[in-house]
Amino acid sequence: MDSPAILPTTRTLCPYCGVGCGLEAVASPQKSVVDAGHAHKIRGDRQHPSSQGMVCVKGATVMESMDKQRLLYPMFRSSLDQPWQQISWEAALEIVVDKIQQVKQTLGVSGLCMYASGQMQTEDYYVAQKLFKGCLGTNNFDTNSRLCMSSAVSAYSLSFGSDGPPCCYEDLEITDCAFLIGTNTADCHPIIFNRLRKHHKQNPHVKLIVVDPRCTATAEVADLHLAINPGSDITLLHGIAYLLKKWNLIDQKFIDNHTQDFEQYCQVIDHYPPEKVTQICGISLEQLETAAHYWGNAKTVLSLWSMGMNQSFQGTAKGRCLINLHLLTGQIGKPGSGPFSLTGQPNAMGGREAGGLSHLLPGYRSIKNPQHRQEVEQLWQISPGRINPEPGLSAWEMFMGLENQQVGFLWIVATNPVVSMPDLERVKKALQQSTFTIHQDAYSPTETAEYAHLLLPAAQWSEKTGTMTNSERRVTLSPAFRSPPGEARPDWEIFAEVGRRLGFENQFNFVDSAAVHREYVQLTAERLCDQSGVSYEKLQKLGPLQWPCRQSDQESQLLSTKRLYTDYKFCTENGRANFCLDHSRGLAEPVDPNYPFVLTNGRLYGHWHTQTRTGHIEKIKKMHPKPILEMHPKDAEKLGIKSQDLVAIKSRRGSAQLEVLVTRAIAPGTVFMPMHWGFLWDDNAEVNSLTHATACPISKQPELKACAVNITPV
């Protein structure tokens, strides 16, 4: 295990969102640096290029959650109705290995699954890929990034030939027009928003467009807020393209030299004249034309998007149709411009680079590509053909595998699917049928632990050393500066020990996380996400580094890689970017007389995911003491409801009960509910008991952002 450094101040990375803010953990002079969490104070790292010393309430209070309700020892029970028993690590590892061997004999390796998390460090991801996809020969490794970022991955891949956001945070401060769609950046990525908002306030010519059915803190400061109807994103984007083409506000030279399928794209957008678009989207002609003018007349345009676009059964198409506007106007590969997807979790980017979805391999490689498989097999020193050529199960498919008895072993790591998965009642029933479920986490109790047979205590941020990559492709070293409590271990060490016990000693002979990292970056060499020039030593000396960062680069070059595609050469076979030709299909579950409201959901400023950390922080609990349903006054009046009334919300799958907040911040016909409450925090406020699992056929990301509900007073 990596020992915590004995330093008065440790530069590290915030473990919450994908902004990747730099933090400084300052040890109390009265106490050892390896004492409990309250011996350290957190402040923003002014030298970190992504955050420049800024920190939000989550990062500022993170130490308050480090020692509350931690899982300290391995715990086991043979069935869900049995009490937990503390066991040794030796016994726990024996159980894991025995169960893997049993399932291999009964169901084959396709019956083995791991469902992990963007909370893991890149080293954790990498060792898990090697264990499952390499040594065990199953691609059934997926993560909660499937629920947040997989549509962005497939959008970039299909449009540009590779995943990877082409922009950087500096672009926030030099763009002439920022187009935000499907992102409440002020609440969900606050430090990014602070940088953009400062630029916007100081430069009157800069335009800020926000597309969101809610009037969020982000929308409140916009020059133009387009409160479109849920599900009409593609219609809006095609409508803007229609006007840009009509007004000749396009870059024909860029289109001719660097894109393909433009003529077919023109045929698509011809179906989206303004009168049709305004009716479907629920906006005025003036608003639509203003948006197109802002985009078309700006010297540089930067678009930002997140879960509001990705969490859709057309999530890939939505991302690609936004990219279309950049291709149409040549707004990519230059300062202040480009399509910028904002990652949700601190290492969702690093996970993608390490192959952390069931169709990927490390280094932005594809499972389906035989050359990619061969390259990975050679480095891993496993037999040719060991890596299965077919993608593994996605997150939802894993739980359905439990339901139909095709999955006999589910290893859940650093995530809480009994709160975060759609159609929760079905997920819970599937877990009740599981023959063996592991929950490897830093905290207990969690909602998912209620459905597990084995609990493995994990070291978390501050207790293990590793790297994470933020939304602007910047890799930061996150060193251990405290000792893990109890018998908690780093995730990668647990995976490696299981691998050794399965007979793969040579593949898992890592002495520390730096050794894992050295092997991992070899698989990124000469790939778009090249990190062969990144090492722990360079990160300690130079600070965070953006990729591509090649081994051959001089030190001065390592600090200058800001944007991708500056030469307009894309990663497709012919080097041209692809226009998306998809039409809008609306919502997967439209409203009807029985379910007349669209329920959307999202984050609150203070909370994070399912509250395993933030639910223990008093300041944040006071900010957000309970979940509330937002409803427009017109809808409330029709139902005879006023603020603070209790209502029942029902979908075709489940129900919840919440207090109402009557507000004009939400559009008529749409209601909003926060996503953070599981049954341990409120016994009747699970938003995902209402949502459905219909997913984008390309990214397999569920449409978590919209479902049809009815509402009645209680």
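Placed from the backbone N, Cα and C atoms, the Cβ positions cover glycine too.
According to Swiss-Prot, the domain '4Fe-4S Mo/W bis-MGD-type' annotation covers 7-70, on the basis of sequence analysis.
What Swiss-Prot lists as [4Fe-4S] cluster binding site is C14, C17, C21, C56. All chains included, 27 other C-beta atoms sit within 10 angstroms of the C-beta of C17 ([4Fe-4S] cluster binding site). Reduced to three states, the DSSP call for C17 ([4Fe-4S] cluster binding site) is coil.
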Sparsest Cβ surroundings (other CB atoms within 10 Å) among the binding-site residues C14, C21, C56: C56
Residues within 8 Å of the C14, C17, C21, C56 Cβ centre (excluding the [4Fe-4S] cluster site residues themselves): Y16, V19, G20, S51, V55, K58, G59, P190, I191
Where C56 ([4Fe-4S] cluster binding site) sits in the secondary structure, as DSSP reduces it to three classes: coil
